[in-house]
Amino acid sequence: MIDSLNNYNYDVNDSLKVENLTTEDYEEICKRLGRKPNRTELGMFGVMWSEHCCYRNSKPLLANFPTTGKNVLVGPGENAGVIDVGNDQKLVFKIESHNHPSAIEPFQGAATGVGGILRDIFTMGARPIAVLNSLRFGNLDKSSNISLLRGVVSGISHYGNCVGVPTVGGEIYFDDSYSGNPLVNVMALGLLETDEIVCSGAKEVGYPVLYVGNTTGKDGVGGASFASSELNTNSLDNRPAVQVGDPFIEKSLIEACLDAFKTGDVIAAQDMGAAGLTCSSAEMAANGGLGISINLDLVPARENDMTAYQYLLSESQERMLLVVKEEKLNILIEQFKKWGLFANVIGEVISKKEVIISQKNQIVAQIPTSALSDETPINIHKVIKEPPDYLQKKWKWSEDELPIITNNKILSFKDKKQYSLSEIILNLLSNPSIASKSWIYKQYDSQVQSNTVFKPGEADAALLRLRAQDERNKNNNFSGVAASVDCNSRWVLLDPYRGSIAAVAESARNVSCVGAEPLAITNNLNFSSPNTEIGYWQLSSACDGISKACIALETPVTGGNVSLYNESKNKNNQVTPIYPTPVIGMVGKIQNVDKAVSSGWKNINDQIWLIGSYRSESSIGGSSYLDYFHGLITGRPPKINLQDEKYCQTFLRDAISKNYISSSHDISDGGLAIALSECCILSSKGANIQLEEKNARKDNILFSEGGSRIIFSLNKMEETNFLNFVSINNKNFGSNIYVKKIGFVSEANLTINVQDEELCNLRVDELAEKFNNSISNSF
């Protein structure tokens with residue numbers, strides 16, 4: 001075989017810019033190879049040493065996450081995390097981002113984001129059972145943001161609906177910081193019932209490497225490097241870096257792979273996602289402690305004139321790399337072909353710890369696996385010791401700086417007009433970040449597979465029956481899995497540490513609100529450039545907050561994704577970073593889905609109760625009220641006492657399991673008034689609320705935000721049993737937790753009284769009109 005490794009006919013400086021590599025990187029590559037890299041090899045290093053693939057800026061921070069626990073079977077490092085959910089079932093889950101591709105091709109960017117995360121799930125041997133998403137867009141007063149929203153939602157619904165996996169929930173927020181750089185994070189869940197988890201390490205020398213799925217084209221070339229750089233006015237030129245997906249091939253790939261995995265004849269599996277064939281082959285070899293040899297002439301190609309560089313860096317979708325038992329090879333190939341998929345042997349596992357690539361009888365790349373995958377460079381950043389001055393000034397803000405409330409009216413700093421408290425409630429309900437997302441949910445098939453317990457928006461978390469796929473496990477299993485994705489980006493902007501603690505706490509709280517016990521998280525860290533002092537400080541502080549909350553709540557991190565350089569440049573080179581957005585994907589288990597509760601009231605005259613912590617703060621600093629009504633993003637987010645947070649959630653779950661509670665809803669964006677409004681809207685019933693707060697501003701009572709607060713309802717016939725339950729738990733929780741009755745479910749109006757003074761009296765149909773039509777009315 002002819003060696004073409006010494007073909008250096010390229011401009012080094014220009015090529016380094018294309019690959020997002022530095023001069024220091026180039027020198028290190030030369031040192032590791034013992035020679036200069038050729039152009040193909042440089043491209044391979046470019047994608048493998050990108051932030052997207054090797055976490056070169058964030059790896060030291062991620063190392064501090066708690067990753068082990070009683071239920072964790074597979075933690076970070078594999079395609080997805082795996083936890084034990086009992087009954088011989090395992091839950092596989094992960095979250096990923098497709099931010100940059102969605103910014104320039106919203107439909108395909110979002111669609112392939114769904115396809116990619118689904119492959120991460122079934123690559124582990126699990127059947128995908130659900131998808132959730134966390135989305136961020138600029139405000140809807142700009143037509144470009146509306147176009148992005150429409151495109152992304154269409155892409156998600158198209159791919160998920162066609163592949164037959166329900167989209168069961170999520171969150172969406174709007175802010176101008178995302179106008180040039182939307183966020184598209186997709187979380188997927190899968191159910192695994194086989195004894196063995198399929199991993200990615202190629203551990204048997206001489207075994208064939210099987211390419212399965214779609215053909216390889218030029219779409220997505222350099223996608224990993226593109227995802228690791230900032231967006232600018234020239235980013236539309238990167239449309240070829242966006243992949244094009246085919247959900248019908250994905251569906252065939254799911255079924256064919258799951259059938260193949262059941263045979264036990266597949267030794268290892270890896271999705272060809274970010275960095276394509278380069279990443280899948282290098283990681284497969286490195287994870288197995290061996291090497292791999294690939295012949296590009298055997299790769300099914302969509303086009304005839306593809307170079308080695310294009311083959312290796314293509315991110316064409318619906319492709320898998322498998323290591324299989326040689327004696328079962330032909331049977332497996334026929335099995336894949338039955339599903340209309342390509343199935344070609346393109347190489348083998350070798351003992352020499354190198355990735356060796358050949359094309360047209362020439363070696364076009366030969367790189368030690370450790371150089372590509374294991375010993376990737378780490379960028380060392382100094383973390384500033386004190387929070388930035390501008391934040392410290394914001395933290396000194398006090399609600400006393402707001403206008404005085406007179407006759408239940410207050411002046412808005414935003415438009416200098418007087419509004420009643422009732423008008424403010426309606427105003428907040430029309431905020432697209434708070435308002436109903438039904439226009440979006442209606443485009444998703446949330447019921448396919450028939451395991452969805454609550455429709456999107458009905459409960460604080462998605463809930464699915466863990467209905468066994470395997471006949472051996474069909475033993476009257478009534479258990480279910482709950483999932484939620486959460487992040488209050490405004491809080492993280494104002495205090496990355498507290499804001500990230502709050503994101504973990506809220507995601508756990510949402511899971512608890514349906515009656516499920518939080519078990520583990522996956523996270524998607526969406527941040528701006530780590531090369532600025534503030535950018536890296538935000539990332540570092542957020543990771544510290546996530547770690548602290550996960551330890552306290554006993555919800556280990558099983559994996560996730562880091563998406564940096566989320567910022568946009570305008571024509572004048574002015575940089576607009578996104579709000580730091582560490583999205584938390586929480587999963588939990590409920591023993592009996594029949595006991596789960598949703599958010600809306602159930603019966604007229606049911607009692608309404610509030611549980612909370614005296615030690616967890618609530619304030620209007622950093623609140624939706626302060627932002628949307630007054631136009632102020634200031635103050636310090638309230639501190640959450642994590643011990644009390646855990647107590648409140650445990651109390652609630654226990655009460656739900658004993659059938660005391662009829663409905664449950666956490667208090668988050670918009671505060672108590674908005675939480676009550678949402679319960680009324682979902683049930684088409686009113687609420688009569690009597691509060692006894694003293695010495696507090698009325699807007700604080702209605703709109704303050706914080707942790708550890710949940711409203712719930714119960715049938716008045718259960719009051720005696722419930723009070724006995726409260727008394728028993730008070731001995732365990734002490735005097736730091738309060739549980740108090742605040743009202744009852746009524747027929748048609750939401751009425752809130754404080755010290756016998758009526759603050760608002762609104763018809764439920766008024767509330768619903770504002771809440772349900774806000775997003776659709778923006779178009």
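Any Cβ shown, glycine's included, is placed from N, Cα and C.
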*asked:* Looking at ATP binding as recorded in Swiss-Prot, which candidate out of GLY125, GLY138, GLY480, GLY560 goes with TYR55, LYS94, ASN523?
replied: GLY560
_Candidates GLN243, GLN366, GLN392, GLN643, the one Swiss-Prot lists with SER97, HIS98, ASN99, HIS100, ARG119, GLU315, SER316, GLN317, SER563 as binding substrate_ = GLN243
*Which one is closest to ASN99 (substrate binding site) in space, judged by CA to CA distance, out of the recorded positions HIS52, TYR55, ASP271, ASN523?*
HIS52
*Among the binding-site residues GLU96, ASP120, ASP271, GLU315, whose Cβ has the fewest other Cβ atoms within 10 Å?*
GLU96
*Using the recorded ATP site (TYR55, LYS94, ASN523, GLY560) as reference, state which further residues of the same chain have their Cβ within 8 Å of the centre of those residues' Cβ atoms, listed in sequence order.*
LEU62, PRO76, ILE95, GLU96, THR522, ASN524, LEU525, VAL557, GLY559, ASN561, VAL562
*Just the number: how many Å between the Cα atoms of GLN317 (substrate binding site) and TYR55 (ATP binding site)?*
23
*Translate the DSSP assignment of ARG119 (substrate binding site) into the three-state scheme.*
helix
*In Å, how long is the longest CA to CA span across TYR55, LYS94, ASN523, GLY560, which the record gives as the ATP binders?*
17
*Of TYR55, ARG119, ASN561, which binding-site residues come within 10 Å of ASP271 (Mg(2+) 2 binding site), going by C-alpha to C-alpha distance?*
ARG119
*Compute the C-alpha separation of ARG119 (substrate binding site) from ASN523 (ATP binding site), stating it in Å without decimals.*
18
*Reported as an integer number of Å, what is the Cα distance between GLU96 (Mg(2+) 1 binding site) and GLY560 (ATP binding site)?*
7
